[in-house]
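A.B. asks: From TrEMBL, here are the annotated features:
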DOMAIN    1-245  domain 'Hydroxymethylglutaryl-coenzyme A synthase C-terminal'
BINDING   SER21, LYS69, LYS73  CoA binding site
ACT_SITE  HIS64  active site, proton donor/acceptor
Amino acid sequence: AYDFYKPDMVSEYPVVDGKLSIQCYLSALDRCYNVYRKKICAQWQKEGIDKDFTLNDFGFIIFHSPYCKLVQKSVARLLLNDFLNEPTLLKENDIYNGLEAFRDLKLEDTYFDRDVEKAFMKASSEMFSQKTKASLLVSNQNGNMYTPSVYGCLASLLAQYSPQQLAGQRIGVFSYGSGFAATLYSIKVSQDATPGSSLDKIIVSVTDLKARLDSRKCISPEVFAENMTLREKTHHLANYIPQCS
């Protein structure tokens, strides 16, 4: 997809179609979630479990994070998917109160429907706070990291919960890359949260994440602009001697 690409190899900056980029991201999320739900339900049926998969079956869910507002919209988007996929949910769950007017919508017609977006962001706000918000620690501080973005979200999540809180949880992971490549998978956290366990060691390794972010060196916008100008001038230069460390 040409939502975000680099036709000019001389420049390191991409050409971006912002509106198309958002549609590609949300469309990929819709498709991946649909396939994931079908796979999980098929697996459950083999195990004798007769139920539909919904967003509530994730203990946590993290996303590729170009910017944090899009992540919040993504949680709302998955709630919309559940709402349209399972008609019985309207009567069974209070979270859908007041959303009856959107019952007959087609998913593909809702990407830029402000009324739908506003309604489902409001309906999913508590779910976002419980399942996703903690994962945005690094994204809130660093912005978009491209390839490591979703793994920065995973580290952020692990850094803010204890082994006991994470043990046995299913963490949904939506990974996305420009060019319209995406996957949605889940991580099932070990039940063993004892001191010295693998889970405990992983969490200990990221407990200083916030302190490391806080220890960064602050520079003025002028210095940042100078550094970016130097980067642009030296991009693709051969036999170049670095000007600073």
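Any Cβ shown, glycine's included, is placed from N, Cα and C.
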A.B. asks: Measuring Cα to Cα, how far is SER21 (CoA binding site) from the residue listed as 'active site, proton donor/acceptor' in Å?
C.D. replies: 13
A.B. asks: I want to check the contact list for LYS69 (CoA binding site): same chain, sequence separation of six or more, C-beta distance under 8 angstroms. What comes out?
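C.D. replies: Set apart from LYS69 (CoA binding site) by at least 6 residues yet with Cβ under 8 Å, there are none.
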A.B. asks: Counting only residues 6+ apart in the same chain, whose Cβ is under 8 Å from the Cβ of the residue listed as 'active site, proton donor/acceptor'?
C.D. replies: TYR25, SER149, VAL150, PHE174, SER175, TYR176, GLY177, ALA182
A.B. asks: Give me the largest Cα to Cα distance among SER21, LYS69, LYS73, the residues the record lists as binding CoA, in Å as a whole number.
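C.D. replies: The CoA-binding residues span at most 14 Å between Cα atoms.
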A.B. asks: Hey, what's the Cβ neighbour count for LYS73 (CoA binding site) at 10 Å?
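C.D. replies: Result for LYS73 (CoA binding site): 20 neighbouring Cβ atoms inside 10 Å.
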A.B. asks: With every protein chain in view, what's the tally of Cβ atoms within 10 Å of the Cβ of SER21 (CoA binding site), excluding that atom itself?
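C.D. replies: 18, counting other Cβ atoms within 10 Å of SER21 (CoA binding site).
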A.B. asks: Specify all same-chain residues, apart from the site residues SER21, LYS69, LYS73, whose Cβ lies within 8 angstroms of the center of the Cβ atoms of the CoA site, ordered by sequence.
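C.D. replies: My list of surrounding residues reads ILE22, TYR25, LEU26, PRO66, TYR67, LEU70, VAL71, SER74.
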A.B. asks: Where does LYS69 (CoA binding site) sit by DSSP, helix, strand or coil?
C.D. replies: helix
A.B. asks: To what whole number does the mean pLDDT across the domain 'Hydroxymethylglutaryl-coenzyme A synthase C-terminal' (1-245) round?
C.D. replies: 93
